[in-house]
């Protein structure tokens, strides 16, 4: 008999008559020791399904019908007290955001032992020993000392290890992991996935893994359940679903996933136009030097030199904290460099300010990661796009309206959308609006900071297609900032790999992605999950989280190929 | 943490320093000649008397010189003497300050003891009838001015029931003014606590605590309360400053012998040295209390304590 047997589960928010269900007649079973991946895009109902198992639906969410059998008992009817004794003890759960999922004012130790004391009635000392053992098991050194530390003293990956230790300490029969690695860097993700797999196998725990990432599914799952709009559209064993997807939606989903096996973007021209952006030895530090602080300043960007030519995409790749976003902001002169020069369209903007800077900024525009936060919620779409034109002046009302319509159409939206407000649009549509706004002043180059990271894969693919089409039509240049190597493959002509404020490898996309030379580039590529279960285990990343590294990464540029350099 | 407190202490000193400048300029901000206004109601003052008063207050000197003198005397703890009676101002203020501090402190305790649990309860019962009743009461409490609430309490508890004295300076006499001041602030504390706790209850780590299967009471006590107190404590400092301001009104209603009453008398009599001293003492008290609350804040929030 299956450990968990969910049948005909329907969940809705608010009144049944008016609000359509968010989960609609879902059947799902999880066997003992099995890893089941629940896959879907945002709004598919996958998280609601998982939260309903432990009775932690958001406030207005209600289970309208169905059964959730766990070990033969229906969790929906056993009552709050009985459910609480199951929660944590028999079913553990870890969440997406390791930064906010731990209480900032309690020590890691306090948070680790409390469930042990409540459920297993262990003494303080016993539970403490168990907590230390679990922390060590999840690969945290100095566990005894770290028990006394607070969450803010741990990195994102370390916190997720703490979460895993916390939930596995009670040896639950089922662990629910809701996007456990989505907020983590790719090298950390690989380590956390390995740890999760190892832990559930060792303790014979079943794992319900909720994710949107087909690569993660392929790495982990025994079985796959695909959800869309609250319904299950496909289920089957992992190899089968990847090799021969039955539902149209699954096929589309798999086709939209960019992979490291996709061909590198073909260049139609062998040479690009003139330089539109040149960064010469730019640096930027933060913090330090304050009246009260004795900390050394953090070098976010440390002597970077780059050029981007007309019609070219230079992808800037790196993990969080590598300085890639700061570099993008320096190119825009949203940030003032401490040293070096920024040249946009032939003009040195390093020392410009006020009117002069605003004039040059027309040549360089930016698209941001979060399409929900980067549009003014009180501006209509038309007003958002028209704003740069109005500031520029010289166009009449009807001309502006006409140009807004034309821009919306170029971004793949209809001109009629100008009257809508941002909250009426989906994430993908908003990102198209952001692109239309960037195009409004006819820039030569667009700095795109993780423009597709907040989007579902199918939407991501369309936005990338749009950006490529626009580039080919008007020789736009892109400085494309991302952490996702598969996206890089789709869009980049050249790639710069950044780490700790410096560029460690720079070259043509084909060279860097297929013949990486720098060890860091290699480890990045090795850590990326491959959306193909047949190739599971091919990842060969062995390094621990805190690998030894030269203190200041001093190095010289060496050419390792044609137009291909590394810092060594 | 020491660095954090050091920064706050430096900011506090700066605040007091700016206050000393403001206090020196104060006399000159009042339109007209201060000494003439002072004597406007007394008949038959000779120009020589005015001149003598001017020079005894140092007002015949250029303003920067006045300031240096003022600061010099201040550093020796000398705030000058009252115009009427020639008593040392510092001594007078120090006599009255404990009364005001006792009043404000007791009122703060009343506000916290009543406001925090009710705010917490309202947050826990959010959206229910209890929450609604509590919050309507709180809005009413905030809206009723001190002097009106004070008079109501006075009629009810002192005149009708006769369980508390009407006015004066005995130990029981503090109850009515403290209650007046405390109750209206309890309403503010309750609202602040409620919104802080509701904010915490929707945080991810509360979901984690529930996912661990902790009993609800434990989640509330360990996770919600502690994290929710941090923002409440930060606002408490401002609250205390308002409380000191409110004390001036309340002291006068109940004839409580604090510095607020002294200040009001001084204002009516244009006794500038007393007014100046009062402002300085008031500002210093607020700065010290804020600093103490910063320390509490740092203790509650490990992100500051361990930095």
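The backbone N, Cα and C atoms fix where each Cβ goes, and this holds for glycine too.
The transmembrane segment annotation in TrEMBL covers B:12-30 (among others).
The domain 'ABC transmembrane type-1' annotation in TrEMBL covers B:97-297.
Residues 130, 134, 138, 174, 177-183, 185-194, 196-197, 220, 225, 228, 232, 236, 239-240, 243-244, 246-247, 250-251, 256, 258, 285 of the same chain sit 6 or more residues outside the transmembrane segment (B:101-121) yet have a Cβ under 8 Å from a Cβ within it. Taken from TrEMBL, the feature transmembrane segment applies to B:101-121 (among others).
What TrEMBL records for B:133-159 (among others) is transmembrane segment.
Proximity of distant same-chain residues to the transmembrane segment (B:171-190), defined by a Cβ-Cβ separation under 8 Å and at least 6 residues beyond the stretch ends, is recorded for 102-104, 106-112, 114-116, 118-119, 122, 134-135, 137-142, 144, 146, 149-150, 153-154, 157-158, 164-165, 232, 236, 239, 242-243, 246-247, 250-251, 253-254, 256. Summarising the annotation, TrEMBL assigns transmembrane segment to B:171-190 (among others).
As annotated by TrEMBL, transmembrane segment applies to B:228-254 (among others).
Taken from TrEMBL, the feature transmembrane segment covers B:274-300 (among others). A Cβ distance under 8 Å defines the sequence-distant neighbours of the transmembrane segment (B:274-300), meaning residues of its chain 6+ beyond its ends; these are 1, 4-5, 8-9, 12, 15-16, 19-20, 22-24, 26-27, 74, 79-80, 82, 89-90, 92-93, 97, 101, 226, 229-230, 233-234, 236-237, 240-241, 244, 259, 262-263, 266-267.
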Let me spell it out: take the transmembrane segment (B:12-30), skip the flanking residues so only those 6+ beyond its ends count, and list any with a Cβ under 8 Å from a Cβ in it.
37, 57, 59, 63, 66-67, 70-71, 74, 272, 275-276, 279-280, 283-284, 287-288, 290-291
Intrachain residues whose Cβ lies under 8 Å of the transmembrane segment (B:228-254), provided they are six or more past its termini:
100, 103-104, 107-108, 111-112, 116, 120, 146-147, 150-151, 154, 166-167, 173, 176-177, 180-181, 184-185, 188-189, 192-193, 196-197, 199-200, 260-261, 263-264, 282, 285-286, 289-290, 293-294, 296-297, 300-301
